[in-house]
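So that you can see what the record holds, here are the features copied from TrEMBL:
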type	residues	note
SIGNAL	1-27	signal peptide
DOMAIN	77-278	domain 'Peptidase M12A'
BINDING	H175, H179, H185	Zn(2+) binding site
ACT_SITE	E176	active site
REGION	285-334	region 'Disordered'
COMPBIAS	312-324	compositional bias 'Basic and acidic residues'
DOMAIN	376-537	domain 'MAM'
Amino acid sequence: MYRCRSETMFTPVCVLMLVSNCVLVHTQIPLEKKFVTSKDPDEDKSDVDLIISENEDTDDRLIEGDILDDSQSQVKTAVRSERKKWPKNSDGIVVIPYVITSREDYLERHLNQIEAVMREFAARTCLHFVSRTDQKSYLRIRKARTCSTTVGRKGGPQTVNLNGACAKRKGPIQHELMHTIGFLHEQSRADRDKHIKILWDNIKNGRKANFKAAGVKGYTLLGLPYDTRSVMHYGPKAFSKNRRLPTMVSTDRTKRIGGSRGWTDLDVLKVNTLYQCDATVTGKPIPKWRPPGSEDIPEQTTQGTAEPTPFEEGKQTPPKKDGWPTHGSPTPVSMATSIAKATSVTMPTSVTMPTVPMEMITDEIATTTRVRSARVVCTFDDDLCGFKQGSRDDFNWSWSMKGKGTPSRRTGPRVDHTTGHGRFLFLEATHKAPGKKARGFSPVYNTTGQHCLTFYYHMRGQGIGSLVVYLRTVGMATNDVRRLWSLSGNQGNRWSKAEVTFDATSNFQVIFEGVRGTSSRGDIAIDDMTLDTGSCG
C-alpha cells in the first residue's frame, strides 16, 4: 500500500484520497495537546485566589481585595458589634432577606449554585436566607465585574457582587456571604502572627494594606482556633509581586495555607458560635465538631444544679522529688508567657511528660485577675484564660502540649476537644495517692444574675476519681463556696459536654477540682469552657 512520505505530506504530490490519512497521522499529537490546554483556567485556583484574580484589574475601591469601600469604617467592629449582626427571631432562626437583581444576567447553573449555598447555610447553621418581601434590610445580589460585598449587617439594602466566575463555585459564594454576616478574612485576626508570617518584601506595591491585622478591640476571635484552611483565608501567594513568591508562610510546617474549596468544619463552627445557634433551620442537630483522631461516639451531656457543700481546703505538701511540677515549686511558671518555655518532665517510670505547670497563687482571691464580661469562651489553646493553681493543693493541674495527649496509656484523651491539635487542662494520676486533690481557680468574674456554665470533660480509665465544679462567691464579708456539679468514675474514651445553670449574687470564681482515684489509670481532662448569661435552656 502506498504511504505518503512525511516530507511530501503538505505538497501537491499527495493525491486527494490520501490526504485524510496523512492529516490524521500527522496531526494526532497536536490535536491532543490542544484539547489538554483548553481546560477552565480557574479550575486550579482556590476560592479566595479566584476572588482576588477576578477583582485585580477592576477600578473598584476594594479593601483586602473584595470588601467594598463603604464598609471601611465597619471593618474592625462588624463582628463584635451586635448591631452589625443579623437579628435572631424568637424561634432561634436568623432570617436574612435577599433579592437577585436581573436574574436573566446569570446562567441557570449560577442561580442553582447560589441557592445551593443558601440551603447549606440552612442545613448547617441557624441562618436562613429567604426571598425578600417588604423587609428594609436585605441583600441585593447582582452580577457585576467583581466579587465583593460589605462586612456585617449594614441596615437597608446592601450589595453582594458575584460575577460569573465566582457564581459558578460554592466557595466564593460562601466567602462573600460570610462577609455579609460579619466575618473578616481569617488572616486579619489579631492573633494571626502566632500562626502565619507575612513576607512583606514579596507583596506588590500598593497592596500591603490588605495584610493589616484587625485590632484586638475591634474583632472577637470567638474563642476558636486559627484556621489556615478557612474559606476566608488568603492563599500563600496572594498579591505577590510575581505570582511565584509567597506572601505568607505558616509557622507550623504541617499546616497548609489556603487552597480551600468551600467551608471547613471550623468555618461552620464559627458561624454557629457567633450567632449562638442551638439548631439548624432544617431542624437537624447542629453539626458536631469532631477533631482529627477523635472517635465517632455520640456526645453526652450532663446537667447539674447548684447545691451548698463544705469546701475542704487541702493541706500544703512539700515539693515532690520526682520532678513533677507541684504547688511547692520555688519558681512558678506563668502560663500566659510560658508557651515557648514548655519542658519535658521525666517521671520515675521513664515516661516523658511534655507539659507546663500552672502558675501558683498563695491567695486565690487577691491575686486573681478580675474580668468584666457577659460571655467567656476559653479553649485553653493559646493561654489559660486567667486560670491559676491553688497554693494549698496536693498536686497540680497541667497544661498539655499542643496536639499531644496525656502520657499514660489507657487513660486520658489523645487530643484536645476543640481542633484535635490544640491544648487542654488535665490531671496526671501517676504517682499520686488516692484521694489527693488539685484545684484550678478561674479569674473573678464581675457579673451577677443567672449564668450558664458549659465545658467538656474526659474521664477514661479504670482508676478514675472525681471531677467537681465549685462556685466561690467573692465579697467583702464572705467567700462562700457551693458545689455546682460533680461526676465520678470511668466515662469512656470520649469528650462529653457538661452544663449547669446557677445564680450569682455578687462577684464569683469557678473552681475545677480533680480528685485522684484508685489507680494511675485515672487521668481527668477539661476543655472548651464557656460562661454565658442566662439559663442553659
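Glycine too: its Cβ is placed from the backbone N, Cα and C atoms.
Taking every protein chain shown into account, H175, H179 are the binding-site residues, and of these the Cβ with the most other Cβ atoms within 10 Å belongs to H175. Report note: the Zn(2+) site is defined by H175, H179, H185, and the residues of the same chain whose CB lies within 8 Å of the CB centroid of those residues, excluding them, are V48, I51, D66, I67, E176, M178, F183, L184, V231, M232. Listed in sequence order, I51, D66, C147, S148, T149, V160, N161, L162, C166 are the same-chain residues six or more apart from the residue listed as 'active site' with CB atoms under 8 A from its CB. For H185 (Zn(2+) binding site), the number of other Cβ atoms no farther than 10 Å from its own Cβ, over all displayed protein chains, is 27.
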